[in-house]
Amino acid sequence: MRVIIAGGGTGGHLFPGIALAESLIGKYPEAQIIFVGTPKGLEAKVIPKTGYELSFISIQGFVGKSFSEKAKSLKSLLKSMFESKNIINSFAPDIVFGVGGYASFPVVLAAFLKKIPTIILEQNTVPGLANKLLGKIASAVAITYPETIEYFSREKTYLTGTPIRKKILEGNKEKAKKLFDIEEGRITILILGGSLGARKINKAMTEGLSYLLPLKNRIQIIHQTGEADYNWVYNEYRNLSFRATVLPFIYDMVEAYSVADLVISRAGASTVAELTAIGKASILIPYPYAAYNHQEMNARRLLSRGACELILDRELNGEVLAKKINKILNKPEIMKEMEMASLAFGKPYAGEKIIEIAESLLRRKR
């Protein structure tokens, strides 16, 4: 099987694509997979480390640009269509997946024009511009939330969930305890702000420590700060003698998840998919500038099921965050109910479901 996975730009688009590739290789070890993205997208840094082949196209973003920038974007679209056609002619894929982001658009369109089966993945409640357009021509659409079906043709839309890395389900607690200096018997709080950290979350958590002093001997914290905030966040924990492992970046996220009892995080599609696949209680703080406000929508979906607590970014401060933490940790039944609701919401085998759809399309083509 020869497969192109197109799109990326951000982790929310890219990581489900990598997870899908992992599922494909698991079922078809001989599969040949190439990713197509842009030199400025996250894929340029991440894909080379995975061992997959990566090709670039010249497409530029369109949404939120000035008139002159939109003119440049349209010009880049024409060039990227030519580049996409060349990639497809050279590689001759059996199927093309679009994982979202503007880089997916010309590749999926070029595949459609060549009558190659295409599947687009929509990880959020409201599709972005690329997927709204591609949904009209794609062979199939894989969605994460039932509400999203209103944006696509029901006949070819499937509720699959967002693919996650299988490693997420296989965390090694014993390894994690050594890695993060975990003390048995304490409640572990994992704090994430995305791969670059999030200053607003860092500030709220450190300001909230004074409100969490009564819990100091019951909790321990793993905090990913981002490079810029590492030193001062580390010092805040040390000054108040909280048991905390503070890191600029967590490379062993699988192990961090395995020992976490409560996760404080943004609400990107990949993060939500991972948290629910492993049934973690969480406090979600949606990134307020995400396209179409999709992070808040993701978080509200979980909130409606009792799977998380929600704090809007504009309302976030130390006292508010500490109140949410106290509410959950002082009533063990609340955390247990959140864990069960989270697990019920999760779809850990989304990748396999999407592969089944691909197999069906390929059988029909024959």
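Backbone N, Cα and C atoms are what each Cβ position is placed from, and that goes for glycine too.
Positions annotated as UDP-N-acetyl-alpha-D-glucosamine binding site by Swiss-Prot, on the basis of sequence analysis: T10, G11, G12, N124, R165, S195, I250, Q295.
This view paints the features noted in Swiss-Prot onto the structure.
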| residue | record | CB count, 10 Å |
| --- | --- | --- |
| T10 | UDP-N-acetyl-alpha-D-glucosamine binding site | 20 |
| G11 | UDP-N-acetyl-alpha-D-glucosamine binding site | 18 |
| G12 | UDP-N-acetyl-alpha-D-glucosamine binding site | 29 |
| N124 | UDP-N-acetyl-alpha-D-glucosamine binding site | 27 |
| R165 | UDP-N-acetyl-alpha-D-glucosamine binding site | 20 |
| I250 | UDP-N-acetyl-alpha-D-glucosamine binding site | 20 |
| Q295 | UDP-N-acetyl-alpha-D-glucosamine binding site | 25 |
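Secondary structure at I250 (UDP-N-acetyl-alpha-D-glucosamine binding site), taken from DSSP and collapsed to helix, strand or coil, is coil.
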